[in-house]
Amino acid sequence: MLCRLFTLFITAALACCVAAIPLQGQQSNSIIERTPGRWPWHPHRPRPHHPRPHWPFPKPHWPKPHWPKPHWPKPEPEPTAVPTMAPEPTTVPPTEPSGTYPPETTPTVEPTVVPTDVPTTFPSMTPTADPTVAPTGTSVPTGVPTGVPPMPGTIPFGTVINQCTVNGTIALTFDDGPYDYTGPLLDIFAKNGAKGTFFVNAMNFGNIMDYADVIKRMYKEGHMLGSHTYSHADLSKLNSTGIALEMKKLDDILAPIIDGNRPTYMRAPYFAYSDTVSKTMAELKYHMIDANIDTKDYEHATPDGVPISVENFKKGLEAGGTITLCHDVHQTTVELLIQQLLDEIKKRGLRAVTVGECLGDPQANWYRPAQ
């Protein structure tokens, strides 16, 4: 029985093997056809490449729309305008203003102070000057610029004066102002009961119209105002016409500020006197004031230089000097120097007065009154 079962099993197994052979070949061919490039190819053989058709999908090509170009009508050319000439305006020739008027120009840079040399011998002086000022051709009549002549006195016109005649007096004089420090200087004088003399310009460190209140206060408090020319010009380089114009222009500005009065005292910038200057000043009725004590505050306009200016003042007093040259345009002069000079004057038993007072000239003669 067992033998028969074994025989049947072997026979069935062989039959299955025989039946499976054609099925395996057909299955292999089907796999190859479905999966090209893979098994049963040898791993060292190159695999065939079968690109996929239409991959990636092609982009659709839509036809571009055709838009007709707009046809705008061309603008017609505008007619050319023919300019018409307007009649020229009638011009009136300018005339030089009189009285109060602003100066022609306002300086934007602080001018350089040119030192004034004061000799050491008395009473005569040898002035020095260096700046160059071109003479002006503007015609100005000779004689007294405006107003009536001053009252008769003993002080000569057109003569350089550099020494006081009244004993016990000292004249502190200030050139080139008014400026920012002139007002505080008046406060110092008021505190000490002293008077000063101011030789002013219209255009130098500042515009005199900007300091009209200071000028008016100076006049009201009894200080003396003198002319230092309109623009700080070197009068020795001008003719008589140019000299007269410099004096007249300043007088025309000062007069409305000080009740219509005009100074009769003057000081030439740089102490630049000449025969022409003296002759012209005699015709214009001006007293010419120099100095015989020079503090040289313009050379020592720093706190460290103030002791040098004080020493110069003391040496001038010991040499017999009485008219002192200072400048109210320097801050150190006003804030540090002047009080020391006033203290030295009091210490020596002297009085600080105006030039007119130290010459014995009445105050009525200091100005030319208005007509």
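Glycine too: its Cβ is placed from the backbone N, Cα and C atoms.
Sequence annotations record features per position, and here Swiss-Prot assigns compositional bias 'Low complexity' to 79-89 (among others).
Annotation comment: Swiss-Prot describes 102-112 (among others) as compositional bias 'Low complexity'.
Annotation note: Cys358 (disulfide bond) sits in a helical segment as assigned by DSSP. There are 24 other Cβ atoms within 10 Å of the Cβ belonging to Cys358 (disulfide bond). Swiss-Prot lists Cys164-Cys358 with the feature disulfide bond.
If you draw a 10 Å sphere around the CB of Asn167 (N-linked glycosylation site), it holds 8 other CB atoms from the protein chains shown. Here Swiss-Prot flags Asn167 (among others) as N-linked glycosylation site.
Look at Swiss-Prot and you will find 168-353 tagged as domain 'NodB homology'.
Within 10 Å of the C-beta of Asp176 (Co(2+) binding site) there are 24 other C-beta atoms, taking all protein chains into account. As annotated by Swiss-Prot, Co(2+) binding site applies to Asp176, His228, His232.
As annotated by Swiss-Prot, N-linked glycosylation site applies to Asn239 (among others). Cβ contacts within 10 Å of Asn239 (N-linked glycosylation site), excluding its own Cβ and spanning all protein chains shown: 14. Look at Asn239 (N-linked glycosylation site): DSSP puts it in coil.
For His327, the entry in Swiss-Prot reads active site, proton donor, with the evidence type sequence analysis. The Cβ neighbour count for His327 (active site, proton donor), using a 10 Å radius and every protein chain shown, is 24.
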For the binding-site residues His228, His232, the one whose C-beta sees the most other C-beta atoms within 10 angstroms: His228
Distance from His232 (Co(2+) binding site) back to Cys164 (disulfide bond), taken between C-alpha atoms, in Å: 25
Rounded distance in angstrom between the Cα atoms of Asn167 (N-linked glycosylation site) and Asp176 (Co(2+) binding site): 28
Using Cα positions only, nearest of the recorded positions to Asp176 (Co(2+) binding site) (Asn239, His327, Cys358): His327
